[in-house]
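I have placed the structure first, in the form of structure tokens, so that the comments after it can refer back to it.
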């Protein structure tokens, strides 16, 4: 049973690692140029602070997820890992929220502010941003499941002990 728990945890951490890595790479490589009559323009992730934040958070989560893969199952650091999982789950949530807000404005524009949508002019860029957001959502769901499972496995023996 303990081996099955370890395998399940490793599988979830591998999925979280992979999806966070994909999200960071896809967003960091999102770039497209275009022109409208004689005006040239360029869309890249680094033009938007929310997208930069998204890449940084997913890069940090990727490194953390990779390092957590090598933590021995008997280690007392797992309680600290649970706290860190909570922090990183919140960071991923905030980075996705910020990036989705900016992506929505890029896709639909904002008629009240006079902002025009840009996805018609730079569809490849918008597709890459959408792909990065999809990978990050999978990472977030995986982290939420991992967090609940970790809390259950670490705290359950403590709750069942007789005092």
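We number each residue from 1, going along the chain as drawn.
Note that Cβ sites are derived from N, Cα and C of the backbone, with glycine treated the same way.
According to Swiss-Prot, the protein carries these features:
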TOPO_DOM  1-6  topological domain 'Cytoplasmic'
TOPO_DOM  28-52  topological domain 'Extracellular'
TOPO_DOM  74-79  topological domain 'Cytoplasmic'
TOPO_DOM  101-130  topological domain 'Extracellular'
TOPO_DOM  152-163  topological domain 'Cytoplasmic'
TRANSMEM  7-27  transmembrane segment
TRANSMEM  53-73  transmembrane segment
TRANSMEM  80-100  transmembrane segment
TRANSMEM  131-151  transmembrane segment
Arithmetic mean of per-residue pLDDT over the topological domain 'Cytoplasmic' (152-163): 66
Other parts of the chain folded back onto the topological domain 'Extracellular' (28-52), taken as Cβ under 8 Å at six or more residues beyond its ends: 95, 98-99, 101-102, 118, 121-125, 128-129, 132
DSSP helix/strand/coil residue counts for the topological domain 'Cytoplasmic' (1-6): 5 helix, 0 strand, 1 coil
Folded-back contacts onto the topological domain 'Extracellular' (101-130), same chain, C-beta under 8 angstroms, at least six residues removed: 26-27, 29-34, 36, 41, 43-45, 48, 50-51
Surrounding residues of the topological domain 'Cytoplasmic' (1-6) on its own chain - C-beta under 8 Å, 6+ positions past either end: 73, 153
DSSP helix/strand/coil residue counts for the topological domain 'Cytoplasmic' (74-79): 2 helix, 0 strand, 4 coil
Tertiary contacts of the topological domain 'Cytoplasmic' (74-79) (same chain, 6+ residues out, Cβ under 8 Å): 150, 154
